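J.: Handing you this structure, nothing more for now.
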Amino acid sequence: MAEGSRSPLRSFVEVAPGSHFPIQNLPFGVFRRRGSPEPEPPRPAVAIGDFALDLAAVSDAGLFHGPLLSASPCFRQETLNMFLGMGRPAWKEARATLQKILSADEPVLRDNEALKKKCLVPMSDTEMLLPITVGDYTDFFCSVHHARNCGFIFRGPQTPVNPNWFQLPVGYHGRASSVIVSGTDIIRPKGQGHPTGDSRPYFGPSKKLDFELEMAAIVGPGNELGKPIDINDAEEHIFGLMIMNDWSARDIQAWETIPLGPFLGKSFSTTVSPWIVTMDALKPFTCEAPKQEPEPLPYLAEKNHVNYDIPLEVWIKPKEQSEPSMVAKSNFKHLYWTLTQQLAHHTVNGCNLRPGDMFATGTLSGPETESLGCLLELTWNGQKEISVGNSTRKFLEDGDEVILTACCKGEGYNVGFGTCTGKVLPALP
């Protein structure tokens, strides 16, 4: 039976009602077993309930019978890059096979206790790793609400959004080497800040450390150098999405940005969630994308102009508090430029994308105050405070843990992303 928002699929693996990872999801990641007598290499997996399904073990057991995966070594690799490069036919074959062997009425894994124990690893026994080797990382700037607010803060109300913003998806080249997996601590960065009066620029730990609520798209096959990807073929090159926190040092960023854009204010750390939710799993949650005025140029005009209804939340847990507090709620559907428009624009000059490349949406702010996706907007660059439990914040303090989460609500099930977390540590001496 075809999947949909009313899918009757059930797994023999017990999945709690509120779980992010039912059989309708099956996001891909890479893990290492904790506590093994001998160090084990990283292994690809999908999440199902509170378990990681070891895809190397599934492959070794001969459970992939399809023409593309039966003889492929892609799930014996330490990252997902080889699998990503195989393209949508292989992704669909993998998803269909995994949903079949995990379904409640399929005995091949359900009734084989030894194989089941080998393949299903409790999440509590796993160390989640960065699931891909990120060759290149591009950060876009695609929320009109975020663009407008930043313009007001830094340039005033006259022209808060530059005219080119409505003509093309604005982006910049990020730093792939500092993309890290959820749970990795963040050392407060040092850099130059804006001079005050006649003084020289300030140098030291950032005084305006911020989070940015974003999502990152992971590239599949990609394209040859010099050969752009057509807008209406772009979805074939997007494997899935991860939650992303584009940590930002606003004082460093503000001083360095003119004329070439962000550098040290962004490049110190970018955190992503460990599970990649596939576009196939997100298909039931498509929604109409915002109307674009003026109409985009022909190379950005797509037949299927859609976004995804993905609710997102930001929580902060101060060091002195036992529980986190929610500080923002937004939604992916507010994105002005779609993922496919971002990818088509990225390649229109002939730039080649490769399997495992990553491009991010920019801060996913919405129209309401509660939907602003960073402290820069929530505090209007530190001009006001927000409540965080029984504390207040203008920017992040040492010991703060930032928790991003996202989850789509289907009919009787969720398709979630888990969490994307990081704790701020003091700057080095």
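Using N, Cα and C of the backbone, Cβ positions are placed for all residues, glycine too.
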J.: Can you match one of Asp105, Asp246, Asp251, Asp280 to the Ca(2+) site that Swiss-Prot gives for Asp139, Glu212, Glu214?
T.: Asp246
J.: Whole-number answer please: how many Å between the C-alpha atoms of Thr363 (substrate binding site) and His146 (active site, proton acceptor)?
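T.: It is 6 Å, counting Cα to Cα.
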J.: Highest Cβ count within 10 Å among the recorded positions His146, Arg155: which residue is it?
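T.: Of the recorded positions His146, Arg155, the highest Cβ count within 10 Å belongs to His146.
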J.: Quick one: pull the CA-CA distance for His146 (active site, proton acceptor) versus Lys266 (Mg(2+) binding site), whole Å only.
T.: 17
J.: Compared by Cα position, which of the binding-site residues Arg155, Gln253, Lys266, Thr270 is the closest one to Asp246 (Ca(2+) binding site)?
T.: Thr270
J.: Out of Asp139, Glu212, Glu214, Gln253, which of the binding-site residues is least crowded by other Cβ atoms within 10 Å?
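T.: Comparing Cβ neighbour counts within 10 Å for the binding-site residues Asp139, Glu212, Glu214, Gln253 gives Gln253.
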J.: Measure the Cβ-based neighbour count of Thr363 (substrate binding site), defined as the other Cβ atoms within 10 Å of its Cβ.
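T.: By my count, 27.
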